[in-house]
Amino acid sequence: MLSFVDTRTLLLLAVTSCLATCQYLQSGSVRKGPTGDRGPRGQRGPAGPRGRDGVDGPMGPPGPPGSPGPPGSPAPPGLTGNFAAQYSDKGVSSGPGPMGLMGPRGPPGAVGAPGPQGFQGPAGEPGEPGQTGPAGPRGPAGSPGKAGEDGHPGKPGRPGERGVVGPQGARGFPGTPGLPGFKGVKGHSGMDGLKGQPGAQGVKGEPGAPGENGTPGQAGARGLPGERGRVGAPGPAGARGSDGSVGPVGPAGPIGSAGPPGFPGAPGPKGELGPVGNPGPAGPAGPRGEVGLPGLSGPVGPPGNPGTNGLTGAKGATGLPGVAGAPGLPGPRGIPGPAGAAGATGARGLVGEPGPAGSKGESGNKGEPGSVGAQGPPGPSGEEGKRGSPGEAGSAGPAGPPGLRGSPGSRGLPGADGRAGVMGPPGNRGSTGPAGIRGPNGDAGRPGEPGLMGPRGLPGSPGNVGPSGKEGPVGLPGIDGRPGPIGPAGPRGEAGNIGFPGPKGPSGDPGKPGERGHPGLAGARGAPGPDGNNGAQGPPGPQGVQGGKGEQGPAGPPGFQGLPGPSGTTGEVGKPGERGLPGEFGLPGPAGPRGERGTPGESGAAGPSGPIGSRGPSGAPGPDGNKGEAGAVGAPGSAGASGPGGLPGERGAAGIPGGKGEKGETGLRGDTGNTGRDGARGIPGAVGAPGPAGASGDRGEAGAAGPSGPAGPRGSPGERGEVGPAGPNGFAGPAGAAGQPGAKGEKGTKGPKGENGIVGPTGSVGAAGPSGPNGPPGPVGSRGDGGPPGMTGFPGAAGRTGPPGPSGIAGPPGPPGAAGKEGIRGPRGDQGPVGRTGETGASGPPGFVGEKGPSGEPGTAGAPGTAGPQGLLGAPGILGLPGSRGERGLPGIAGALGEPGPLGISGPPGARGPPGAVGSPGVNGAPGEAGRDGNPGSDGPPGRDGQPGHKGERGYPGSIGPTGAAGAPGPHGSVGPAGKHGNRGEPGPAGSVGPVGAVGPRGPSGPQGIRGDKGEPGDKGHRGLPGLKGYSGLQGLPGLAGLHGDQGAPGPVGPAGPRGPAGPSGPVGKDGRSGQPGPVGPAGVRGSQGSQGPAGPPGPPGPPGPPGVSGGGYDFGFEGDFYRADQPRSQPSLRPKDYEVDATLKSLNNQIETLLTPEGSRKNPARTCRDLRLSHPEWNSDYYWIDPNQGCTMDAIKVYCDFSTGETCIQAQPVNTPAKNSYSRAQANKHVWLGETINGGSQFEYNVEGVSSKEMATQLAFMRLLANRASQNITYHCKNSIAYLDEETGSLNKAVLLQGSNDVELVAEGNSRFTYSVLVDGCSKKTNEWGKTIIEYKTNKPSRLPFLDIAPLDIGGADQEFRVEVGPVCFK
């Protein structure tokens, strides 16, 4: 049956089945419902369709030769098999089907008895190759073969005996930190010191004991951050923390050494018959043989006209299965399959003993910042910080309490004149006094208003020349001038670097056919040609006359061993032959099975040292080495998880004060300390905002009275004078009530740091703080000990065919094997020379129907027939377990648009949710419950078949899929010997599902049974994981009406809103046993969370549901009585569902193809160029997209793939640096780094557009891991600057330095691992012309590339210039 199923379907379904099985194992057992009673026997079905052609009957006795009949008309084409091989309960037939069509013409009949001795005929055609002769004697030893390629590295040898103690080794690398010691016992608290008496004010004394903390003042505004202090000296290395919790899975480690070979697999299935090989070259003509034994019947005459058809033979019994063929040759090694899914995390292994100190690794990349260390002790006083910018004015604080009354101030200045008193009553008129003295001049009157503008004055005389002004600031650059005329052509530039090879050009047009040559001279007569191969077997000739027995001819020489012929049909058992003479010693047979292990041989001489093998597994820990010297302090490790509390340790001595730590976070408020001494006076703060007005001061004391003058005459009141100048301030009045605090003044400059106070007693340990957030993933840890072996995984998918492995070393010749079985029949030989035509025999009488001859050789394959109609939909397969959640597949190819279905009933609008922030895309949510079925859309037209895709890799075996279209009929197999007809056995207990048996004889139809009781509803199943989103199916045909089932348990409420009660169930199929619940359908779009509404009224009845699946669940048994036979070709049997299945399979196939064969595009990048070359060997070198770190393709990078060398090349950005002339800070005889010093810290970068430098660094790190070789070149363009060899001195002292990626310096001479080579050196002498030197560095340590910087030495002169051109870095 399987031969009719589309192989792709099986592969895809196999994957689904395997995943489902895994999921089933994980999800725990599912309670299976009780098996229902067996239903009654169904009614007698309608007459089945026509049965298949019966098997040919046994051979009849040979008939007499028939008279030649007239030529028959061409036979109609046979029916195309549309075998749907399905079990059916309905296939009870009322008897044998109608007689089948006439079968194909049978093979020629058996050869008749030998006729009488004929005349000596002409030499017959060469006979078929004889059976394989006995093995010849052992030949002489062949010449030694070429040395085989190196074999795979052997397993690591056993450890040798301990050698003599060597000399004192070099200083070892620092060992790993020891395990943490137990915590020391807490020491006794020291006695509190006595408080010192205050001394006389003198030189500032040592700081006193800290005073008690004062009451906490109001929190000051946060000061501006000071400048970052200098990095303190590194503290001593901390004790090793306890082992942290298991970190996230690190990136895949380097590929380990090859494991030991697995156990031999079970013998594979018999391979298909290989294609007929091309005939081998003809061997040299042998010597003419002696006269052979009398030949068989003479040359076959032309076949007679076909006889009349014989009677149809009785149906033969099914033949016994044939003998299993010999196992096929092992196929070539498959290409490594994709990496299997990560196994479950093994249990944590025990900590192994410390291994011996490893060799020093290369400097690692800079690690992520460690977690914040504990706060160090206060550092020494820093330098005075810069004055901060003034802060914003603070809000006014509350009014403070009234201050104490101040002591009386010093005597104040006289107060201002008091206000005039109230006017007294008018006095009596006095007597006229004498004339007074002229009074002083009155106060100047108020200035008059400005007069009108006077007439313009005459121009003044010119002034003296003023001093020359200061030079003004440089003006802004002027507008660009017009472009100047085109200058003369410059000298021809130097040749650029060799570019990447261009893509391969298209094939040229085929050349014109040449003219016909002159006919050649006739050649000399050739040697006799070799015997031709057998001609095709002719039809049997007429029965010859009985010949007389010829004389025994001499034995001919043994012929060449013929090729094994194809397997012939089973002949009748021959009579036992006479015992033959013992044969000569045969040729060496094939290697026998592996013998038992021999005793160990003597130790051989030491061979030459072999190549370095791949790293072996870790050996047992060696003895402890001598203690190495203390290593350099390592970088702080990331904080480990808290270990269990240790025993208290002894009190340690006071440590040396550490360097100043970085500013820690604000600690919790401490207890109140003792009052400290006054600090040094700070710099006065800025003047605050004016306070509120004070209360009026007391009146000042009256001044001393002056001598009274004579009374003057009463003057008339003058005009009111202007306000006089303010009088002097009066004495200070008493303190007014405290005003509102002024606005906060600007922050004063930071005072000098006070001296450190004495460290207070250690506070009690605070409660453990909450766990901080997880730090960033630490750097990749060293490789952990191997976990325990995981459970045996499921068989991986067969890998793609790998390249053939290297030839192994030729083994010793095996012992002679037993004589091989008779070989299969060799391929048909070339046609022999045409024999002379025999005379036409007389027409014999018509023969009886002959026994069926053996099957003829299969004819050449006919032209493919037209595709048969779609087979019937197969019976539903076993319900698969829900598959595990697959990774999100790539978007499938858009299917053809179906016609839109009618609109469904619109749901009630949900409440508007608040707008959420745009989140990162979440993982697919759990699937909601399936919504109600919409009205069925009209069927869309089926799409045309797409082009066949590339062949995918072999998938996991799938569950049985729907029956595919019938394949073309295979060639007739050879008929085996007829078996005896067995008696009908008793019915046995139900066994496990076996393979499909041969068709049994039809039994009589039973009476119709009674309808069975309704089955119990099954238990509610676990919610399945979401499957791949299927294509929306077309509405199925309605099933036969059944009884309504009980209401199932309600599913979990989906998030999409209130769901009404389920509508009435549609008609169901015939009741079967309750099956396992099916997988949940595709998830709908997740709606916003609706509030739980009241249950709505029952909806209208839905459309009829699709037919129910056949019951049986996992109690699947083949209980059908018969196969359902072929459907007639004309009946339309293609159901609409088949289109959906076919489209889904095509989509899955395309997605898997895409995963397995990357295209090098941005959406489907490869991992490296090597993967692209393996997937598309016909592609040319060009730019492609790759994604070395896999995962999301958003950070894929565009690289140049050089398929001729297998390299992945990444360009620097930018490639050229601008030319640099004299660099003023260049010191004599000192290299200057271009990026770090001259360009202000910008090193060479290798960015790709759209990818950040961090992402690019990650991709480069993965490229280094994936490659085992790297190379790069850099071109130094110079003018009067030496780049490598100084031709004047012949030294390399002025050669440039290069900085690699791991901070290694690459030099011109020295250690060969770190020296670069020079391809072109045009900068060896100073010629006032531009030249260039091309430097190349190749390494098998990809971590050293790409170049990050270059440091020339010979620069800085007024006539010196240089620039750099960075070539691409290529990984392989």
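Note that Cβ sites are derived from N, Cα and C of the backbone, with glycine treated the same way.
Disulfide annotation in Swiss-Prot: CYS1370 is bonded to CYS1209, selected among CYS1209, CYS1278, CYS1323. When the candidates CYS1201, CYS1278 are compared with Swiss-Prot, only one is recorded as disulfide-bonded to CYS1169, and it is CYS1201. Shown in sequence order, PRO1165, PRO1188, GLY1191, THR1193, MET1194, ALA1196, GLN1259 are the same-chain residues outside ASP1187, ASN1189, GLN1190, CYS1192, ASP1195 whose Cβ sits within 8 Å of the Cβ centre of the Ca(2+) site.
Around the Cβ of CYS1192 (Ca(2+) binding site), a 10 Å sphere holds 8 further Cβ atoms from the protein chains shown. The binding-site residues considered are ASN1189, GLN1190; of these, GLN1190 has the fewest other C-beta atoms within 10 angstroms of its C-beta. Other Cβ atoms within 10 Å of the Cβ of ASP1195 (Ca(2+) binding site), summed over all protein chains shown, number 19.
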